[in-house]
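Here's what TrEMBL has on this protein:
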- 1-16: signal peptide (SIGNAL)
- 151-346: domain 'Peptidase M12A' (DOMAIN)
- 243, 247, 253: Zn(2+) binding site (BINDING)
- 244: active site (ACT_SITE)
- 389-472: domain 'CUB' (DOMAIN)
């Protein structure tokens, strides 16, 4: 019955010319790869609907002359950044999903949207009226209305879209030991600094099935009943798992925020033609960011070269020193702050009786006497260097040389699950200016977001922001 229904939809769509295009042929291949999980008819309906807005979206992304001049100047500052290719399956979610064609079917490469027909959902959704695709189409058309609030997913069903009683999950038989390991570690990264609990409970009414399907993908927010999260071949990294879990607990991508044009510019000339419609952004009617700044180092932000057909950046930050930071495998402090606000975790701590946190940290909802700290800061009140490798240096009038080796040089090209992080503080008298020169890096590890190795330098007055990262 599933195959018969799918063939019927293929015929109907083909009659409209959708599958006569090269892109349509790729979609047919992708549909053929779907096994027993995603509803192929739903994905086709959603993908065709968004693809129909391609020219409108391309028109919006096309820069006026003054913006082209700004982009040209930014690219001069950035220069040519060599990108390496480490893993055969791909070094980013977008690459992995493109290689097995599933990315062509998903929203922004790794999101499964919900789509309803009347009152009957095409997805197994029990929360009423979850029609995300129409909201996104309305955003693309700049239509108003009372619609979803994203980046953190918030609509008229909120807070029912939250995992208010914790996230229940179970592992499908297809989930390999590697998939199970990275999912558990990714879940722990979100859990340890929020009030959200994760429990392995296959019998829970609302639950996530973690399994190994083609590609890395997830639904957004709690749907009600069982929903899927895939970590297929190539997705077995903690950063990838944490990104997909971020979707499942309620996050869309950072680069689709309504204010993104104040922070990045899209170079539509470098975008693969069939991916142009994936770069929609939200409107103020649909975007809730809780007043939290745009952070280039968010784990929910794609890399600068995402969907590039020529290896050149598709997303260029207005602060060009952030070009290598986009595509981070690390959850940022501001994402933790947003999630704690979205889930109401902050209400657990009475400000008059809670820890007084330095550097913009905030009381931990699981223990209000200690703080959740920006990266690079630790201790109970965020006033100490984090424990572990690294040390404190005093800046001098002449250059000092710091050489650090992190990781195992004999480990080969297979990435480890766990990162080593060393924190160095450089101090100087008040009013001084500290100068740092990066002399060199190990070769062959330059990918978007410094996925495998890199140096981060925090220079902003707001130390909660991710710093500049370099691996080249």
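Just so you know, glycine gets a Cβ as well, placed from its N, Cα and C.
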Zn(2+) site, defined by 243, 247, 253: further same-chain residues with Cβ within 8 Å of the Cβ centre: 93, 110, 111, 218, 244, 246, 251, 252, 299, 300
Binding-site residues: 243, 247, 253 - member with fewest neighbouring CB atoms within 10 Å: 247
Per-region confidence, the domain 'Peptidase M12A' (151-346) (mean pLDDT, whole number): 92
Pairwise CA distance, the residue listed as 'active site' versus residue 253 (Zn(2+) binding site), rounded so that it is a whole Å: 11
Cβ atoms near residue 244 (active site) (within 10 Å, other residues, all chains): 24
